[in-house]
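Record features, source TrEMBL:
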DOMAIN    540-680  domain 'STAS'
REGION    1-21  region 'Disordered'
REGION    590-614  region 'Disordered'
TRANSMEM  76-101  transmembrane segment
TRANSMEM  128-145  transmembrane segment
TRANSMEM  189-211  transmembrane segment
TRANSMEM  265-288  transmembrane segment
TRANSMEM  309-326  transmembrane segment
TRANSMEM  346-370  transmembrane segment
TRANSMEM  391-413  transmembrane segment
TRANSMEM  433-463  transmembrane segment
TRANSMEM  484-512  transmembrane segment
Amino acid sequence: MNHGDSHCATAEDDADGNQQRPLTLERVEKETKNFKSMVSHRLKKHCSCTPKKAKSKILGFFPILRWLPRYQLRDWLLGDVMSGLIVGILLVPQSIAYSLLASQDPIYGLYTSFFSSIIYALLGTSRHISVGIFGVLCLLVGQVVDRELALAGYLTESSSSSISGNDSAILLAGQGNISVAVGCDRSCYAITVGATVTFIAGVYQVLMGLFQVGFVSVYLSDSLLSGFATGASLTILTSQIKYLLGLKIPRPQGWFTLFKTWYSLFANLGNTNICDLVTSLVCLLILIPTKEINDRFKAKLKAPIPFELFVVIIATLASHFGHFNTDYGSGVAGDIPTGFLPPQLPMWSLIPNVAVDAFSIAIVGFAITVSLSEMFAKKHGYTVDANQEMYAIGFCNILPSFFRCFTTSAALTKTLVKESTGCQTQMSGLVTALVLLLVLLVIAPLFYSLQKCVLAVIILVNLRGALKKFTDVPRMWRVNRVDASIWLITMATSALVNTELGLLVGVLVSAFCVLGRTQQAQVLELGRATNREHYEDLSSYRGLRTHPGVAVFRYDAPIYYANQSLFKKSLYRCAGLDPVKEKTRRIKFQKKNKQQGETEEVQNMKSEEKEAADTAGVNALKEVRKDYGELGIKVVLAQCSASVLDDLERGGYYPDQKGCDGGDDNKMIYFTIADAIYSIQSLPTPNGDYDKKC
């Protein structure tokens with residue numbers, strides 16, 4: 001019977017002995033559109049322009065135009081100003097510090113935080129997240145920058161003075177070498193590479209928004225992202241040890257950088273700068289306890305105490321008046337200019353070298369931003385648009401790249417500070433930008449004598465949250481071993497082998513785990529509850545009843561090409577009868593007993609299918625029905641979803657012929673288990689009027 005037709009009704013006694021008709025539904029015939037009409041409809045929908053639609057698009061692309069006219073000045077302004085000021089104060093030392101991680105001069109970290117705060121306030125849909133410098137992305141950018149610097153001939157930081165010139169110089173970069181059209185020093189080339197990577201990453205993110213692929217964020221699980229961030233944190237920690245010791249060693253490239261870095265550290269341990277080492281230890285002894293104080297009393301404190309800023313100010317004064325740079329050779333931040341440099345285009349010739357790196361950076365930035373946006377939106381009872389978030393973070397990278405900035409994303413630590421200090425809207429982001437603007441125009445040169453080891457200490461202290469994840473591993477293992485395994489594999493690969501490879505391996509392991517879950521699904525035999533029409537697994541509940549001559553099975557997974565063989569094996573094992581083996585046995589038996597008649601018992605099977613089946617899945621069901629049918633066992637389906645019914649029809653599952661008398665004995669699909677069982681039990685046995693069962 002075609003699934004679009006209404007099913008024939010048969011009578012069944014209910015619990016009180018009254019007869020009730022089985023469930024009868026009629027499918028709605030869906031209108032099928034050809035490809036040409038579908039494309040034409042989509043083009044009309046997306047390309048037509050009306051004043052109402054234009055207004056909706058503009059408001060959707062600039063969310064600030066929606067919330068700013070409704071801004072509640074009296075209720076929201078104080079919280080936004082306070083959170084904006086505090087985050088801005090925290091961002092000053094962190095922006096300078098994370099520039100070190102990205103292999104850039106301090107001024108570029110301030111530029112990056114300034115522009116991203118403004119652009120996200122205009123384009124973002126989250127009210128709470130703080131977009132700016134993020135340690136993992138700085139690490140990824142720094143690895144690309146160091147690689148390109150080495151290819152260009154800038155082997156160490158000390159070579160920065162070998163070529164003099166202005167910052168807007170244009171370089172002609174080749175594969176493995178560089179010819180300089182106009183002079184450009186190491187700092188100039190480093191930010192040129194960083195800005196080019198950032199531009200390409202932003203383009204990728206905007207394209208993902210255009211193609212509406214924001215849904216892919218659901219495939220990047222929390223365990224994957226957490227494992228990746230923790231593994232990258234170990235790499236960050238290792239990369240900063242050289243600054244704590246005052247060592248000038250290049251960052252190793254390629255795989256196993258963690259081991260290479262530690263080898264270089266031990267090999268150069270005798271060159272440790274005592275001044276940097278003592279300063280680092282003092283700063284660690286101050287910042288670690290004070291950070292813990294902030295965390296422990298954050299519920300009582302109206303705002304976290306900016307201990308980092310205090311340490312930066314004191315350390316800068318000590319370094320300046322103690323002449324740490326000139327007398328002890330301690331590395332310092334150096335000259336930090338005020339104001340802004342004129343915009344410049346990315347270096348187009350670098351794009352082939354960095355395009356692959358930029359893609360992984362784009363994925364990480366987008367995944368972190370969307371996951372944090374959705375987390376805080378759910379917490380505070382509003383919604384965010386994942387695709388608009390990709391536009392926002394994409395333009396937070398594209399536009400600032402023209403002003404010598406590097407890649408940004410949402411950052412958890414600063415977002416938590418922002419939320420806890422009263423943030424209501426992204427007006428706080430604009431206040432943060434004002435704080436950074438004041439630093440850029442007036443205060444920045446005062447950080448000339450700030451030691452690089454102090455900046456490294458700030459980075460290490462901010463890794464505490466990620467590194468504490470190791471203490472959660474036993475709990476994760478007890479809760480879900482699959483998620484814990486994904487975390488461990490992703491973390492280990494990111495830390496020990498390669499950061500970008502860790503992300504790829506994590507995605508692949510997650511995909512294989514999802515696939516493995518469908519491979520492990522088993523066919524279960526069901527029984528009926530005694531007091532109502534409800535069926536559950538016989539092996540999980542006591543007191544369930546079975547029906548004479550009918551076996552009910554359920555398969556809790558989709559049936560598709562990868563598991564259709566396992567589905568059949570599981571069904572045959574659960575039913576206790578492999579039809580192929582049984583048919584072979586009977587053929588052999590018949591050959592030995594040609595003269596002896598044989599009476600066979602007819603059994604009936606009913607299968608409950610809830611998930612979608614592809615062509616291979618439909619073929620598997622057809623094979624099961626055919627193989628059991630040759631043994632006189634009828635197989636029917638029940639409680640199939642509408643999509644499964646469509647797949648079964650397209651796959652040719654429904655028989656073409658009617659029953660022998662035009663009745664219901666050839667029916668293959670039922671809406672309820674009860675209808676299927678009653679119908680099967682109503683069929684005559686092989687010794688009755690019918691010679692063969694379908």
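Cβ atoms here come from the backbone N, Cα and C positions, even for glycine.
Highlighted: of the candidate stretches 76-101, 128-145, 189-211, 265-288, 309-326, 189-211 has the greatest count of Cβ pairs under 8 Å to the transmembrane segment (391-413). Remote same-chain partners of the transmembrane segment (128-145), defined as residues 6 or more beyond its termini with a Cβ less than 8 Å from a stretch Cβ, comprise 87, 91, 94-95, 98-99, 101-104, 109, 112-113, 116-117, 120, 190, 193-194, 197-198, 228-229, 232-233, 235-236, 239, 251, 253, 257, 354, 357, 360-361, 364-365, 368-369, 372-373, 376-377, 380, 392-393, 396, 406-411, 414-415, 417-419, 423, 429, 432, 459, 462-463, 499-500. Looking at which of 309-326, 346-370, 433-463, 484-512 has the most CB pairs under 8 Å to the transmembrane segment (265-288), the answer is the stretch 433-463.
When Cβ-Cβ distances below 8 Å are used as the criterion, the transmembrane segment (76-101) is approached by residues 107-110, 112-113, 130, 132-133, 135, 138-139, 142, 236, 239-240, 243, 302-304, 306, 308-309, 311-312, 333, 336, 414, 417-419, 421-425, 427-436, 439, 447, 450, 452, 455-456, 458-459, 462 of the same chain, each at least six residues removed from its ends. Scored on C-beta pairs under 8 angstroms, the neighbour of the transmembrane segment (189-211) with the top count among 309-326, 346-370, 433-463, 484-512 is 346-370.
If one looks beyond the transmembrane segment (484-512) by at least 6 residues along the same chain, the residues whose Cβ comes under 8 Å of a Cβ in the stretch are 136, 139-140, 143, 219-221, 223-224, 226-228, 230-232, 234-235, 254-259, 357, 360, 363-364, 469, 473, 476-477. Packing against the transmembrane segment (309-326) from elsewhere in the chain are residues 89-90, 92-93, 96, 275, 279, 283, 286-287, 332, 446-451, 454, 457-458: each is 6 or more residues past its ends and has a CB under 8 Å from a CB in it.
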